[in-house]
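This report refers to the structure that appears directly beneath it.
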Amino acid sequence: MTKTIFESKTEGNWFLGSFQAFNYFTCFGNDESYEAIQDVFHRLLSTLKVEGLQLHVVQMTSDFQLLAFLVDMINQEYSRHIKVTQHKGAILVSEDDQLFLVHLPKEGTSLEKFFDLKNDNNFGDTILIATHNEGKTKEFRELFGKLGLKVENLNDYPDLPEVEETGMTFEENARLKAETISKLTGKMVISDDSGLKVDALGGLPGVWSARFSGPDATDARNNAKLLHELAMVFDKERRSAQFHTTLVVSAPNKESLVVEAEWPGYIGTEPKGENGFGYDPLFIVGEGSRTAAELSAQEKNNLSHRGQAVRKLMEVFPKWQLEN
């Protein structure tokens, strides 16, 4: 067995683990929390026939995050290919074609809803991202893949009409896209309206970030216009900015779910980095020196406005998903 110390720390969830001589776990919290974690821990390890996994739970708000952490440890230690998938409010643990564990929420889930498996494409929860942008979809796919969800985008639905972004706020635009497309497709849809807010420009480009340089805007033209607008702003503190994301999830006959997040930083004086898209080459992250375009995909997902918003979303998503 390896001596690796595994750790996962996200908002509301903090787990530590290692492999030793026997299965064991500890946790902070009340007796109810202890019993809930004990049940998940022992059922999973018994089903997968795993010995020697030791777990310490500092904080937990998500059963899915706990199962995903344990499965990731087991996969790394034993070179297995176990997957954790969300389906109709339940959490499924499987490997290849074998289902090992079904973890239901406390309030259960309806049989009719759970066993709606008319074909393989209906297995596993799917989210339709309301965008044609493959770069944005790639980020969401990496984030949601860790959460057991399959991701589609509008390129999979070429006959859908374009939804005009006529809102004056990020939430208005995100809600308009998600709710319209959900009604047209009957699917669960997530729309993110994201943009860059520059303090020296009164919050611009804001909801106009994608078309800041005009109707024929490109990333390069938008970046050039932003540098032009800030040409006489020399003090770094006055070049402060935030990437903002509003996520809206909509589904038929449901009240939409809304979360928001921001990523603070500064606008540089020249583009740097080859990764990312949009204003990433100009956005200096936090108090550091690297731009968002100089971060790896994993680093960006951990820090970014979109990554933060998705993590917030997944804290409230399971409960919302089960609501009538």
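Including glycine, each Cβ sits where the backbone N, Cα and C put it.
Source: prediction; values computed, not measured.
Annotation comment: Swiss-Prot describes 1-127 as region 'Unknown'.
The feature region 'NTP pyrophosphatase' is assigned by Swiss-Prot to 128-324.
For the recorded site, ASP193 (Mg(2+) binding site), the DSSP three-state label reads strand. Summarising the annotation, Swiss-Prot assigns Mg(2+) binding site to GLU164, ASP193.
When other Cβ atoms within 10 Å of the Cβ of ASP193 (Mg(2+) binding site) are tallied across all protein chains shown, the result is 25. Feature annotation from Swiss-Prot assigns active site, proton acceptor to ASP193.
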